[in-house]
Ligand SMILES: [Zn+2]
């Protein structure tokens, strides 16, 4: 008979998620053609993928938007990383569709169909930001325990270097990403790196995060059980635009006290923007909030100076491969 001690709270078995093995994994680079770490890493692995292969896992390196890569542009017709909507994926194919919509359909055929049992298990999508965000993993669901456990594994393996986690479940701000085709989508966003530039430190950071993430999948597929844990995340709250005039032109810049301060607390009354004539515009709102993507180059066109987030701790239940 089990002793009472064994049923003490700290030994009580947590609810466990039995998850099918993750046998098919893809690594996307060049979803945005001017974010060169992913373009270079995936280009390297297309030639020789030994580094990203793991026992029991087939990993496919894939350049998501080759025409944008060729031009070193974010996209050709429209943002591929917003193109995986049900409407786009079901649109009748034809040359009149924007290039990225046709490409989204092709990616959905190769790695999806999105939302079905045939979809790839995991897609890692490699991105760079011009913001000072360091290494960030981007999650699309707070209830994907497999991904939460992967994040925890990566964070432990990377320590003492940090790896932040951005969670986007916002009903309006969540968008239809390339990686959303997979059962377990995960974004890697590393910066700061200018568009069209390769920096060795950013390249190596991205490579290391992916290595640890693939190691996790291998361990998981071997039957290792990962015990219940908690993961600290930054949840997307709100998009903040630059001040603009009646014609839509920007009238202020990110304030020097906010520039490069991604993930640092921003409270009501703190400087947020600086107008061209030197006036300070303060943040007003409940807080503190934690800004991210501060002054990201690609987001001027999306009317976004930064997003605010709040800190949260998520619980991940134990996971083990479904027998
Ligand atoms: Zn990107």
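Even glycines carry a Cβ here, placed using N, Cα and C.
According to TrEMBL, the protein has these features:
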type     : residues                        : note
ACT_SITE : 189                             : active site, proton donor/acceptor
BINDING  : 32, 35, 127                     : Zn(2+) binding site
BINDING  : 74, 189, 299                    : N-acetyl-L-aspartate binding site
BINDING  : 81, 82, 175, 176, 177, 178, 179 : substrate binding site
DOMAIN   : 24-217                          : domain 'Succinylglutamate desuccinylase/Aspartoacylase catalytic'
DOMAIN   : 230-310                         : domain 'AstE/AspA barrel-sandwich hybrid'
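Proximity of the binding-site residues (35, 127, 175) to ligand 1: a Cβ under 6 Å from the molecule is found for 35, 127. Each of the binding-site residues 32, 74, 82, 127 was scored by other CB atoms within 10 A of its CB, and the lowest score goes to 82. Neighbouring residues of the recorded substrate site, listed in sequence order and excluding 81, 82, 175, 176, 177, 178, 179, comprise 31, 79, 80, 83, 84, 125, 180 (Cβ within 8 Å of the Cβ centroid). When secondary structure is read from DSSP and collapsed to three states, residue 175 (substrate binding site) falls in the coil class.
Per-residue confidence over the domain 'Succinylglutamate desuccinylase/Aspartoacylase catalytic' (24-217) averages out at a pLDDT of 96. Residue 82 (substrate binding site) sits 11 Å from residue 32 (Zn(2+) binding site), taking the C-alpha atoms as the reference points.
For the pair formed by residue 74 (N-acetyl-L-aspartate binding site) and residue 177 (substrate binding site), distance between Cα atoms is given as 14 Å, rounded to the nearest Å. Residue 32 (Zn(2+) binding site) sits 13 Å from residue 299 (N-acetyl-L-aspartate binding site), taking the C-alpha atoms as the reference points. Separating the Cα atoms of the residue listed as 'active site, proton donor/acceptor' and residue 127 (Zn(2+) binding site) is a whole-number distance of 5 Å.
Whole-number maximum of the Cα to Cα distances across the N-acetyl-L-aspartate-binding residues 74, 189, 299: 15 angstrom. Comparing the binding-site residues 175, 299 on other C-beta atoms within 10 angstroms of each C-beta gives the minimum for 175. Cα spacing between residue 179 (substrate binding site) and residue 299 (N-acetyl-L-aspartate binding site): 19 Å, rounded to the nearest whole number. Note: the Zn(2+) site is recorded as 32, 35, 127; in the same chain, 30, 31, 34, 38, 74, 81, 126, 128, 129, 189, 298 also have Cβ atoms within 8 Å of that site's Cβ centroid. In the three-state DSSP scheme, the residue listed as 'active site, proton donor/acceptor' is classed as strand. Counting only the Cα atoms, the space from residue 81 (substrate binding site) to residue 127 (Zn(2+) binding site) is about 10 angstrom.
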